[in-house]
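Student: Sharing a structure here in structure tokens format.
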Amino acid sequence: MTAITDIIAREILDSRGNPTVEVDVLLEDGSFGRAAVPSGASTGAHEAVEMRDGGERYGGKGVLKACDLVEGEIFEAIAGMDAEDQRRIDEAMIELDGTANKSRLGANAMLGVSLAAAHAAADVQGLPLYRYIGGMNARVLPTPMMNIINGGAHADNPIDFQEFMIMPVGLPSFSEALRCGAEVFHALKSRLKADGLNTNVGDEGGFAPHLRSAEQALDVIMDAIEAAGYKPGEDVALALDVASTEFYKDGQYVLEGADESHDAEGFSQYLEKLVNKYPIVSIEDGMAEDDWDGWRALTQRLDGRCQLVGDDLFVTNPERLAKGIETGAANAILVKVNQIGTLSETLDAVDMALRSGYGAVMSHRSGETEDATIADLAVATNCGQIKTGSLARSDRTAKYNQLLRIESLLGETGMFAGPSGLAS
């Protein structure tokens, strides 16, 4: 009844107009699952590799090769398998690929199959995905990290840091937190317009105004929070994605917008200064992806005061996370399903983090689709945090809307994480 009988792969477009892989998995009893794969702009060097076509078509970014691999080698390897045996399916693909970084089959091909199989298995059971994966204990609605100002690789402005986010930690429910975020977003738009600044939105729905420094961006967000009728640090906290690998050059953190340059110790002091000045509760990629000494120094300086999230540092890889836990680098992991390429490995990374006292943040990518799987995964794992962009663009709001549906399904059994999901 739950045997995989067919797999269909197609090339679709993501939110940036680039091709990506969508996969349908069909089962013997007629059950069905579908998943579309996201893609990043600023990618870590240690991420699993996407399969792209090369050549002139779509500027080399086509995924027809990946689709052929899904319908060919991958289908042959897992045809007839029980869709409810997720780990067996994922391990079969990992063995078939045979590389450390999924480079032979492509993480985009493998992930599409992995997630679609999970959706099909949930369909067999007649369960929503979060309940199928997480069981009866899946009931924590995550606190959102809402990206409202973009910089770095996500924007054409001088701001060195990639994302400036708000976290409505002081609201009583997910739906109220979402309303708060939307109201701050619109208050920020009004403030930027009044200052004569650009209010176009970037890849993740945040604004990309021409501001020169992190402090300028944080100041205008603080004003927007208050203008919307909320208290900074009480109702709404701040979070940063520094994406420091993007400006790490020859052992120095070069802030071109602010016209500053720091070694690891100096940059950790700079970040500490921001934490002292603003209600910042989370900093992502505060040090470069291979600056382990810098990460340890930053963690020693801010652990207990601020969540320190490893994205490029850990790339959702349990082996790199284990090294971080052992050496005292960071205190939380950003979880991106396409960084590792299978659902089983993603769940392993979350489990390792939470068991070790690390925080976990379920995350989108800058190139997204209408697929809302990560919303279900955030609830399934009870990780307590989700990062899925701003309060604009349907590729971002699709995840928030799915969480609203889940909140409604959970009813009184659901619990909003608030500040409790944070690692610090």
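Cβ atoms are placed via backbone N, Cα and C, with glycine included.
Below are the features listed in Swiss-Prot for this protein:
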type     : residues                     : note
BINDING  : Q162, K336, R365, S366, K387 : (2R)-2-phosphoglycerate binding site
ACT_SITE : E204                         : active site, proton donor
BINDING  : D241, E284, D311             : Mg(2+) binding site
ACT_SITE : K336                         : active site, proton acceptor
Student: If you draw a 10 Å sphere around the Cβ of E284 (Mg(2+) binding site), how many other Cβ atoms fall inside it, taking every protein chain shown into account?
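Tutor: The answer is 28.
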Student: Listing them in sequence order, which of the recorded positions E204, D241, E284 have their Cα within 10 Å of that of K336 ((2R)-2-phosphoglycerate binding site)?
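Tutor: Near K336 ((2R)-2-phosphoglycerate binding site), where near means Cα within 10 Å, there are no recorded positions at all.
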Student: What subset of the binding-site residues Q162, D241, E284, D311, S366 lies within 10 angstroms of E204 (active site, proton donor), using C-alpha positions?
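Tutor: Close binding-site residues: S366.
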Student: Can you give me the Cα-Cα distance between D241 (Mg(2+) binding site) and Q162 ((2R)-2-phosphoglycerate binding site) in Å, rounded to a whole number?
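Tutor: With distance taken Cα to Cα, Q162 ((2R)-2-phosphoglycerate binding site) is 6 Å from D241 (Mg(2+) binding site).
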Student: On the three-state reduction of DSSP, what should I expect for E284 (Mg(2+) binding site)?
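Tutor: E284 (Mg(2+) binding site) sits in a strand per DSSP.
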Student: Compile a sequence-ordered list of residues in the same chain as K387 ((2R)-2-phosphoglycerate binding site), six or more apart from it, whose Cβ lies below 8 A from its Cβ; state 'none' when nothing qualifies.
Tutor: P144, M145, N147, M165, L334, V361, M362, S363, H364
Student: C-alpha of R365 ((2R)-2-phosphoglycerate binding site) to C-alpha of D311 (Mg(2+) binding site): distance in Å?
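Tutor: Between the alpha carbons of R365 ((2R)-2-phosphoglycerate binding site) and D311 (Mg(2+) binding site) there are 11 Å.
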Student: Counting across all protein chains present, how many other Cβ atoms fall within 10 Å of the Cβ of K336 ((2R)-2-phosphoglycerate binding site)?
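Tutor: There are 26 of them.
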Student: Tell me the Cβ neighbour count for Q162 ((2R)-2-phosphoglycerate binding site), meaning other Cβ atoms within 10 Å of its Cβ, over all protein chains shown.
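Tutor: Its Cβ has 29 other Cβ atoms within 10 Å.
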Student: Quick one: give me the count of other CB atoms within 10 A of the CB of R365 ((2R)-2-phosphoglycerate binding site).
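Tutor: Summing over all protein chains shown, R365 ((2R)-2-phosphoglycerate binding site) has 26 other Cβ atoms within 10 Å.
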Student: Round to a whole number and give the Cα-to-Cα distance in Å for the pair E284 (Mg(2+) binding site) and Q162 ((2R)-2-phosphoglycerate binding site).
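Tutor: On Cα coordinates alone, these residues lie 10 Å apart.
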Student: Counting every protein chain present, what is the number of Cβ atoms, excluding its own, within 10 Å of the Cβ of S366 ((2R)-2-phosphoglycerate binding site)?
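Tutor: Its Cβ has 24 other Cβ atoms within 10 Å.
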Student: When a 10 Å sphere is centred on the Cβ of D311 (Mg(2+) binding site), how many other Cβ atoms does it contain?
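Tutor: Excluding its own Cβ, D311 (Mg(2+) binding site) sees 30 Cβ atoms within 10 Å.
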Student: Let me make sure I understand the span of the (2R)-2-phosphoglycerate site: among Q162, K336, R365, S366, K387, what is the greatest distance between any two Cα atoms, in Å?
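Tutor: About 17 Å separates the two most distant Cα atoms.
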Student: Distance check, please: Cα of D311 (Mg(2+) binding site) against Cα of S366 ((2R)-2-phosphoglycerate binding site), rounded to an integer number of angstrom.
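Tutor: Here the two Cα atoms lie 14 Å apart.
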